[in-house]
Amino acid sequence: MSTTYTLDTSTSRATPTPAPMKRLTVPAIGKRKGGEPLVMLTAYTARMAQLLDPHCDMLLVGDSLGQVIYGLPSTLPVTLDMMCAHGAAVVRGSYHSVVAIDMPFGSYEASPEQAFRSASRVMAETGAAAVKMEGGEAMAETVRFLVTRGIPVIGHVGLTPQAVNVLGGYGARGRSAEEQAKIASDAKAIADAGAFAIVLEGVIAPLADRITAEVACPIIGIGASANCDGQVLVIDDMLGMFERVPRFVKRYGDMASEISAAVQAYAGEVRSRAFPGEDNIYLPKP
Ligand SMILES: Nc1nc(=O)c2c([nH]1)NC[C@@H]1CN(c3ccc(C(=O)N[C@@H](CCC(=O)O)C(=O)O)cc3)CN21
Ligand SMILES: CC(C)C(=O)C(=O)O
Ligand SMILES: [Mg+2]
């Protein structure tokens, strides 16, 4: 059973009710190849989705929530339950962007049938428009299996964090000619299998440029190239919330400092009894 809820904005004083925006569709995203760059950010909660949604084309419920939300050492322990819970929250907070959900490690790699079971559960329980899965040529048959059965798929090639134990770390990919050829053929195989977009992560810029030029679907870069068809970042990284960020992150905010300052001020006022003040307590009716 899945129910779609609309986020209650009646108690939100921080932002006015947004003007109604039309929901983007998966085919509309696919047509953006070579056009205005696609704007994608991760989101894990309803309120953050609400704030990002008007400015984005796509919201990704990334399995990076393992590190960012749950304090796990990698994305490997992330479960389908976690992705469904956060995916549903993000869908409730979004009105305009295409929401895509990362398939977690172990939920899709064994067979196309396993992938369909997991992905159809994600689609049904969250109301998202698409799933994303890591992998190249080896996953092409699975991508085709899902797309031909009604599940839009975003690919993810290059630095694939779920393969960190095979890759040996989170270093940039495509430094050798062999690796470049492999990543390029991976991207082509996933596009040919029917993916409507591909995330290209952590590859040297000339390779990203070549793949963007040669592959038919939009290439969304992260640590890739400004010439990609779009960009994605982890929201906590760009807001200055996450403590250790990859080199490719640009910080557009300093939320960690803002939170520390606010909490320090609160702690001081509690200790000095300056809080709660007149406006923060209930008085008996006169
Ligand atoms: N907060 C966060 N941001 C991300 O971009 C992200 C996640 N989490 N979790 C899932 C994956 C993991 N990713 C990562 C994680 C670490 C590096 C990193 O530390 N890179 C180093 C180089 C490491 C090396 O050379 O071995 C760097 O300086 O960029 C890169 C990508 C990208 N994704
Ligand atoms: C970094 C993006 C592309 C991702 O896969 C994630 O957030 O899990
Ligand atoms: Mg991911």
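Note: Cβ is positioned from N, Cα and C throughout, glycine not excepted.
Among the features that TrEMBL reports, active site, proton acceptor is placed at GLU201. Marked as 3-methyl-2-oxobutanoate binding site by TrEMBL: ASP63, SER64, ASP102, LYS132. What TrEMBL records for ASP63, ASP102, GLU134 is Mg(2+) binding site.
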Where the C-beta lies under 6 angstroms from ligand 1, the matching binding-site residues among ASP63, SER64, LYS132, GLU134: SER64
Shell list (Mg(2+); ref centroid = CB of ASP63, ASP102, GLU134; cutoff 8 A): GLY62, SER64, THR75, VAL78, MET103, PRO104, PHE105, LYS132, MET133, HIS156, PRO161, GLN162
Assigned element (helix, strand, coil) containing ASP63 (3-methyl-2-oxobutanoate binding site), judged by DSSP: coil
Spatial separation of GLU134 (Mg(2+) binding site) from ASP102 (3-methyl-2-oxobutanoate binding site) - C-alpha basis, Å: 8
Whole-number Å value of the largest CA-CA distance among ASP63, SER64, ASP102, LYS132, listed as 3-methyl-2-oxobutanoate-binding: 13
Listed in sequence order, residues with CB under 8 A of GLU201 (active site, proton acceptor) and six or more positions away: HIS156, VAL157, GLY158, LEU159, THR160, PRO161, GLY221, ILE222, GLY223, ALA224
Listed recorded positions adjacent to ligand 3, that is, members of LYS132, GLU134, GLU201 whose C-beta is under 6 A away: none
Binding-site residues: ASP63, ASP102, GLU134 - member with fewest neighbouring CB atoms within 10 Å: GLU134
